[in-house]
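A.B. asks: This is the structure I want to talk about, given as structure tokens.
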Amino acid sequence: MALPVEQWRAVAARCWAALDPTLQERFAAASLHDMVRLGCGLLRPEEEAVALRSLCRRARTGKEPAAARFYREEGNRLFSRRRYEAAVRLYSQAASHEPPGSSEVSVCFANRSAALFHLGCFEVCLEDIARAEGHGYPDRLLPKVLLRKAECLLCLGKLQDAADALCVVENKIAMDGVMTSPTHETLLKKLSQLKNKLHEKENCSEPTQEAHGDLQRKSEIWEENDRISGASSSLSLNFNTERGRHLVASQDILPGQSLLKEEAFVSVLCPGESCLLQDSSETTWDTRVTNADLYCHHCLRPLLASVPCHGCSYAKYCSQSCADVAWEHYHRTECFLGALLLTLGVFCHVALRTVLLAGFAEVSRLVESSHDSDKDLHNPEARCKHLSEAPGTRAGGTRGIPGCNDDGQYQSSYQAVFNLLTHTEKHSPEHKFLCVLSVMAICRQLQEAGLEAAILNRESSENPYKPETCEKASGELSPELKTVAEAMLRHILQLQCNAQAITVMQESGSGDGAVVNKKPVRLATAFFPVLSLLNHSCCPNSSLSFSGTAVTVRAAQPIPSGQEIFHCYGPHRCRMGVAERQQLLSQYFFECRCQACLDELEPDVKSMASMRNLFCCSSCQAPMQGEDMLCCSNEACAASVSRESLLCRLQDLQHQIQKALELLRDRKADQAIKMLLKCQTDARSFLSPQHLLMGEMEDHLAQVYATFGKWQEAAQHLERSIKIVEMHHGPSSVEIGHELFKLAQILFNGFAVSEALSTIQRAEEILSVHCGPQSPQIQELQEMKTCLSDLPRNTLQR
């Protein structure tokens with residue numbers, strides 16, 4: 001959710017409508033500086049502020065012991081049913097709700113360690129056992145946990161550590177005295193078993209196992225640009241009035257070559273739906289898993305056993321190190337504002353974190369310097385003319401280009417972020433008013449909570465988890481907070497055109513099958529100042545991949561010297577037609593004139609995306625033509641049907657497919673395959689064989705047959721899916737790469753050796769271009785290839 005919740009947008013709209021028309025005109029024409037000054041008196045405590053506080057109460061980000069008990073009990077219930085992965089998530093939720101100093105959090109960690117042990121995650125299990133001990137796990141229960149620790153160490157082959165742990169347990173049991181309870185007897189029996197297991201391992205002369213088939217990791221050739229941080233030396237930064245700042249190839253570039261490696265200046269995890277509840281009076285808690293439960297809130301790495309924030313229940317981290325870094329740099333301020341930030345949306349959150357990371361001194365310096373150039377900011381033609389006449393810009397230099405330092409270097413810095421275009425004059429007055437009200441609300445709460453000092457001087461209060469409310473009533477913002485507000489307003493407006501979605505390939509379905517089906521999911525919103533230099537094309541020549549908070553841009557095709565580097569902002573020519581693309585791109589305040597759009601605007605040119613929506617005649621299967629009323633293209637057939645009725649059939653078909661996938665997730669594969677086959681029969685009666693949904697159904701059928709271990713049938717369905725995907729996206733697209741990866745898994749599991757090896761090779765060639773040789777999929781493909789290559793020669797010939 002980039003923007004504030006709908007209810008807050010409605011409050012802002014009413015407030016705007018109630019303003020005097022003269023004030024509306026002044027606000028619409030105001031600079032960022034003046035908008036903040038005008039906005040200071042617009043957030044009325046008796047109305048808008050009260051409504052916002054009511055909305056914030058629905059976002060439950062505080063510590064709630066009752067919630068902790070609920071999640072822990074739910075975790076215990078699922079643990080008893082051997083649903084260990086789900087139990088881990090619930091124990092993590094329980095730990096996040098335990099207040100600081102509570103000994104109950106140690107029980108959460110201990111319970112979670114048990115689930116992790118059953119999942120075979122021994123290293124992480126040991127970490128949780130250490131956390132349980134460190135948080136005061138009850139002494140009477142400690143022997144059971146210490147036995148688990150010893151067993152983990154045995155499984156990891158750390159025999160001396162395991163022996164030491166067993167000695168500690170034995171001494172602990174002896175010190176507790178002689179007991180005859182069933183629990184005590186069980187402990188002694190387990191201790192005896194582990195000691196025997198240790199003795200067997202010590203007497204075993206097995207060599208330490210090394211990873212099978214030591215894979216050689218390919219290193220990418222990389223020479224960094226001395227003028228643009230993180231960019232390849234094969235790029236140059238140019239500027240002109242038509243294209244603005246943009247990157248151009250300064251030499252011929254090959255497919256797969258890395259063009260840019262950049263760490264996000266700032267990134268904020270996108271919250272899940274369950275973070276905002278519909279009714280603040282609810283006493284039950286949501287158990288749905290969202291991004292907030294799956295990824296570290298600082299580094300965005302996948303979470304297995306999260307480390308909770310001590311002050312709120314929302315922020316979760318992959319390690320104590322990430323938690324400490326986040327607290328030091330921004331979370332000690334954000335922690336108290338959690339509910340407000342969730343209510344006001346990710347853009348407001350990114351804007352605040354950007355200011356916190358930059359530091360007030362740098363923010364103040366750039367805000368003050370921007371006041372001298374406000375006229376240019378409101379007159380893009382004059383600004384571009386001024387820039388094009390700046391020294392060095394015509395001769396290929398970079399001095400004078402916004403964001404560059406005095407030496408003409410463009411770095412991934414706050415200065416570069418600050419100089420991204422805001423398009424202030426192009427945003428609607430109502431939208432700018434909403435942004436101002438939201439920024440004012442954040443700054444007011446910072447002032448009321450006594451957090452202003454933390455922003456300005458990075459000072460920690462005595463009790464960092466409970467900021468003290470200021471005694472003075474919320475009145476005029478301090479000059480420093482007005483500066484902060486102005487910078488935040490700038491960043492919110494910049495984000496509409498410069499926000500970058502960090503995406504990950506996330507497993508869809510149950511995730512426990514032999515074939516892993518993945519889809520791209522938006523994980524976070526970020527500022528990448530160097531990446532923002534890339535202009536849009538609906539058919540780009542580059543491809544993006546993410547690892548944590550870092551992005552890598554690679555050439556997706558040969559790029560000759562002098563050609564601009566393009567990135568797709570979302571609407572790709574393979575996914576939608578030109579009219580739909582142009583409508584979506586209007587949010588970026590430009591009309592796309594890329595070659596793909598120009599080609600499709602030519603008469604009698606059919607877009608690639610239009611094939612997605614092709615209907616066929618139910619009588620003769622010829623293509624249907626027309627707008628509202630479609631007629632069969634076969635002159636001998638007089639069939640006709642309304643587009644509306646066909647779209648209704650399509651919607652119903654998609655609904656049935658989703659039902660089949662739900663059956664598959666519920667492990668009812670027999671019912672799922674029957675429903676999918678029926679859907680396929682229905683689809684053939686009115687959809688073109690090239691329709692993308694036909695390919696999707698083949699993909700789903702392949703997944704179902706794979707669950708039965710019917711690898712040959714699964715491969716046949718997936719090969720049919722690949723033909724349709726290739727028709728839409730092209731033979732070297734990343735989409736084909738992902739489909740070939742799945743086909744390789746099926747052929748590998750089906751022991752179709754020669755077909756598997758050739759598919760692996762093709763998948764590697766495509767995915768290495770788009771994702772790089774270090775990507776998890778490439779590594780898995782190489783492991784499969786190594787395994788198959790080690791088979792006897794006569795097997796390889798099969």
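From the backbone N, Cα and C atoms, a Cβ is placed for every residue, glycine too.
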A.B. asks: What range among 55-82, 559-586, 643-670, 755-782 does TrEMBL describe as coiled coil?
C.D. replies: 643-670
A.B. asks: Can you work out which residues elsewhere in the same chain, 6+ from the ends of the coiled coil (643-670), have a Cβ less than 8 Å from its Cβ atoms?
C.D. replies: 509-510, 615, 624, 626-630, 676, 678-679, 682-683, 686-687, 693, 696-697, 700, 703-704, 707-708
A.B. asks: For the domain 'MYND-type' (296-335), what are the DSSP-based totals of helix, strand and coil residues?
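C.D. replies: The domain 'MYND-type' (296-335) comes out at 16 helix, 5 strand, 19 coil.
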A.B. asks: Can you give me the average pLDDT across the coiled coil (643-670), rounded to a whole number?
C.D. replies: 91
A.B. asks: If you run through the repeat 'TPR' (68-101) with DSSP, how many residues end up as helix, strand and coil?
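C.D. replies: Counting residues by DSSP class gives 27 helix, 0 strand, 7 coil.
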